[in-house]
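If you check TrEMBL, you get these features:
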- 181: active site, glycyl thioester intermediate (ACT_SITE)
- 32-37, 56, 64-67, 80, 125-130: ATP binding site (BINDING)
- 302-318: compositional bias 'Polar residues' (COMPBIAS)
- 15-478: domain 'THIF-type NAD/FAD binding fold' (DOMAIN)
- 302-347: region 'Disordered' (REGION)
């Protein structure tokens, strides 16, 4: 324990001794150790929160180091939670930090696990994880302080069950999606080409062996062009040959084979459908050899308004519309700079506009690197913004597609932002938001709910911060308006029908209910086929919620949080069979010392062997061959016979 008087003097003076004394016994869960998480961990450690559990799934990337100050270059690729805890621990030796490198959505982090904390502080950048933590806190009735930043903007929001609205009370915008035909056949924006490269081409070449037929069937049902869909089906089937070449160690021109199919043959197939190009500019098939030797010529693309589209010019140089210079302002150059062997580039190169030849060479290099990884044992490769090989491939292939369709190309840096859904992060914003989180957490600790506020960091120099009173819960919210209860059970033995009947009690059969697990319907008033199924067979296990919904809407939804039985739970109780009989096992009797006569009889029941005979004789017993056998003295003693398989074995006890 630290004895330095200056370590706690400021905190005591600001918080007052009574509040400060509570901090040492306060247990806090911090979810996320990134931009906000690093600042927040430092703050709560210095404030004096006694027990801190920090959980994060991510590892440290070199791009984190400019704002996540708890990490150094030597820590790259290490778990964020572990390194953050190690770095922050010396700030205050009185604080205990427990790091966990894991996914917060794992089933072991159930309702009982959350209930060990006095509050939860969210520092996440993932919508799905935020919604999960929000639901768990509502179920466990643990206060949650939510937060987030986007560039210079930020927000802090305290959330308390039955006191304030929750994170899901206001619907969140869903990620934007694009029609399949737009992505596959008629892109018109850079993001269309990036999504195509990241989500479609990467999967077809380096992902699972699938032909995307199901997705195309769904698109056709939704009314998209049937002729175009049929062409795309043939295109998907043709990927099988290319996939085999990428995995064949003897194939030398796999990258060229991919290029010829994707950027030449597939485009020519699309051009056959003349009706598709009546109101839009048709794409241009690309020539592999002509681009490499600098002789590729192509007509200038035009937009719908007749102006030239900003793109790379026909000789391979990237130029802006109406200009003879590159989009970055430098003179156009046909000199190509290939990616180095490991795919890594400096930040300045990342922001450099690539020529058509640059993109092709980057495409060849990245395709060869990814193919080599497949040949060395990797089964599938998916896009990761921090994986140089996949980022290079998506950058090159999306730019090549952009050129073919007359769309402006993007730098590697821009592709990384768009493909990785990166929100600009600013260290100062993170620091301000982390400080505001602590202020709201102290109000939660004092249970002074009247002082809780939603705080916003905004673009107003005169009033950079705005605070508003907390809103009431949305009565239609499907998360915080539910009634939660833990259900301790063995999912392998507990059936769905037992749960529903146990919860409904006397109302069973009188009230119509439906049962859900997340968005899955497990039963409804007209369908109870799953009632005899165990929860485990229905994939309803620890950490999940079983929701019982009153069809008439008179009862609130009952959400049961599945949790394991305690270790000391007694053995299962007996149940009736089909005949109504309870088969009880006999009660075990206490062990007792076996009498000598019983030992004797037990030995008689054993099949004799020479070794057994010698052992009995050593004990003073004589084994006779039959009832008429006599001792040497000619006197027959008491005889006991035991029948074993038709043969009699007799033991004679000498009275002398």
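Just so you know, glycine gets a Cβ as well, placed from its N, Cα and C.
Summarising the environment of residue 32 (ATP binding site), the number of other Cβ atoms within 10 Å of its Cβ, over all protein chains shown, is 29. Contacts of residue 56 (ATP binding site) defined by a Cβ separation under 8 A and a same-chain sequence distance of 6+ are given as 31, 32, 33, 34, 37, 79, 80, 81, 84, 100, 101, in order along the sequence. The number of other CB atoms found within 10 A of the CB of residue 128 (ATP binding site), across every protein chain shown, is 8. Listed in sequence order, the residues of the same chain lying 6 or more apart from residue 66 (ATP binding site) and placing their CB within less than 8 Å of its CB are 427.
Cβ neighbour density within 10 Å is lowest for 125 among the binding-site residues 35, 125. Here the domain 'THIF-type NAD/FAD binding fold' (15-478) returns a mean pLDDT of 83 for the predicted model.
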